[in-house]
Ligand SMILES: NC(=O)C1=CN([C@@H]2O[C@H](COP(=O)(O)OP(=O)(O)OC[C@H]3O[C@@H](n4cnc5c(N)ncnc54)[C@H](O)[C@@H]3O)[C@@H](O)[C@H]2O)[C@@H](O)CC1
Ligand SMILES: Nc1ncnc2c1ncn2[C@@H]1O[C@H](COP(=O)(O)OP(=O)(O)O)[C@@H](O)[C@H]1O
Ligand SMILES: [K+]
């Protein structure tokens, strides 16, 4: 699934209208319809949760959707543990929903689901075709056949008639929605949605943020159509308005044309909508969100559902924006998906489809029947010191669990007696370090060890030592095969301009935001301000694969591509979780995966394992790094 910037979105929009000749009003109509369908799906879920008979009758589709999407409001069956975050529902892939169906995935992270492809879960089972609100239509015998009257169609000699179920709501009379409309195209989308909601029997009131006369182009056409249908409208600041006196709010104030913090009536309406306590469905992005960086301006809508139009926007995947968006549903509006490919969109959501189709990863990780430990590669790990020997153990064990044939752990010799036997599957290679610390003289020993290994991982629990820059420089310049650099090895890099170092083989850096801040020479807050943008520019400028860890880890390549991972959860914020990731990526590299494949697939598997491990606990906070390894 492609992830775009506001500028890219505008270009694809223009291309569709000008080159393909699809009228702008047609795109807006599709957008309005998609938004209305998601409002109706939300009403259904709410009714079915509340046990309203109407909700139940139409609830088959809505229930299916609820099973897919991790959202407390969605009524997820088997959701045993709390979750608070966003889900992404889209046309391309369905993700962790299958895990949900398998029973109680705890998560606050996002999930992806979609209409076309069933979850493959990287070789895990479960899933099946799942539906979103719109697809619920297919479930229902048809509005014209007496709304699910048993067997009406089938009994009548195979004759059946389908209706527009996604735009039909039993019990619509109990709903009253406000549509907050800005004066741009985002407002136009909301006005189009208002007509469809009205058609479904839902009472709708339009709330204009600006004088309706100030609307132009397609938005003005929508204004006139809504008026011609007699949909009541008020103008903010002019007419009386109580935002709490409704059953839900459509936020169509600001979209990708928004610049800076919301001003004037926009800001006041956003604050009042949030304060109303009503469910909010945002058109395209929550108003007040920076569509590119995920920054939330003050104020910013806190949506229950965001109906993202055409392509996922970067800001919806980056925190805090991802938290403000609620459940994200990506809906097609007639802009061909191929435009993103042709237009060179750099960023993709890391779904099973992206892993297989774009990164060519074999998710099943098939092993040859004739394979032996030599087939699956040998990792050399340079890690651990007296106070942080556990980091080396975690990386080494994770590499083994990731499926490589052999792991050699190079460690200061004083540690040897203490770690012998703790992981019998490991090979240990003591290097001179009588005090349990690394020293500059060990570079030659590590280099010698690396010659017969398939990849080298450096850093977990390494500590800093005199001459460490020269030490790392030698390994950087002279080790054969791919290299993973983590933890203190990143801090060594941060102290020098390593771009002058030469290297013939690819390197993966795996910083957490603090380490990234040191590498880039900026604050951690600046790192988090636009993780995707920073990861992309750093990877390109430094010629490395960059894995910027943290919620929604970004994997960026020197070629200027990035993948956003949404597996994992906050329970993984525990000491050593990063060491486990280094081990997993190294284990995959040793098995012959390319660096971009190993980095992306490693991050993805690490998150999945974290989710699986958390399900085994009463609370995800109980998760420790070793649990992630055991869940691989
Ligand atoms: N062709 C179409 O009709 C399509 C429309 N789309 C919709 O159009 C949106 C983009 O529309 P626009 O480019 O018209 O822009 P928006 O509708 O996002 O907003 C632009 C308007 O808001 C005002 N504004 C901008 N920043 C503000 C701030 N901080 N405070 C107060 N007012 C502010 C501007 O003066 C302008 O009038 C998308 O997000 C999407 O919803 C897309 O769905 C694609 C297709
Ligand atoms: N909220 C979260 N959602 C998803 N993954 C997370 C979250 N918090 C932490 N993680 C993951 O856990 C790992 C923590 O790594 P790191 O900070 O390097 O820990 P350590 O240095 O203790 O090993 C990273 O892979 C990170 O992406
Ligand atoms: K909006």
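Placed from the backbone N, Cα and C atoms, the Cβ positions cover glycine too.
Per TrEMBL, AMP is bound by 549, 550, 551, 552, 553; the candidate from 521, 578, 583 named for the same site is 578. Close to ligand 3, meaning a Cβ under 6 Å from one of its atoms, is not one of the binding-site residues 259, 461, 549, 552, 553, 578. Take the mean position of the Cβ atoms of 186, 251, 287, the recorded K(+) site; other residues of that chain with a Cβ within 8 Å of it are 180, 182, 187, 190, 252, 253, 254, 255, 282, 283, 284, 285, 286, 301. Averaged across the domain 'YjeF N-terminal' (112-341), pLDDT for the predicted model comes to 85. Here the Cβ of residue 461 ((6S)-NADPHX binding site) has 25 other Cβ atoms within 10 Å, regardless of which shown protein chain they belong to.
Candidate binding-site residues: 185, 186, 188, 256, 266, 552. Not one of them has a Cβ under 6 Å from ligand 2.
Ligand 1 lies within reach of 256 from the binding-site residues 251, 256, 461, 551, 552, 553, judged by a C-beta closer than 6 angstroms to any of its atoms.
Among the record's AMP binders, 549, 550, 551, 552, 553, 578, no two C-alpha atoms are more than 14 Å apart, and one pair sits at exactly that spread.
Here residue 185 ((6S)-NADPHX binding site) comes close to 24, 28, 217, 218, 219, 255, 257: these same-chain residues lie at least six apart in sequence, with C-beta atoms under 8 angstroms from its C-beta. With every protein chain in view, the residue among the binding-site residues 259, 551 whose Cβ has the most Cβ partners within 10 Å turns out to be 551.
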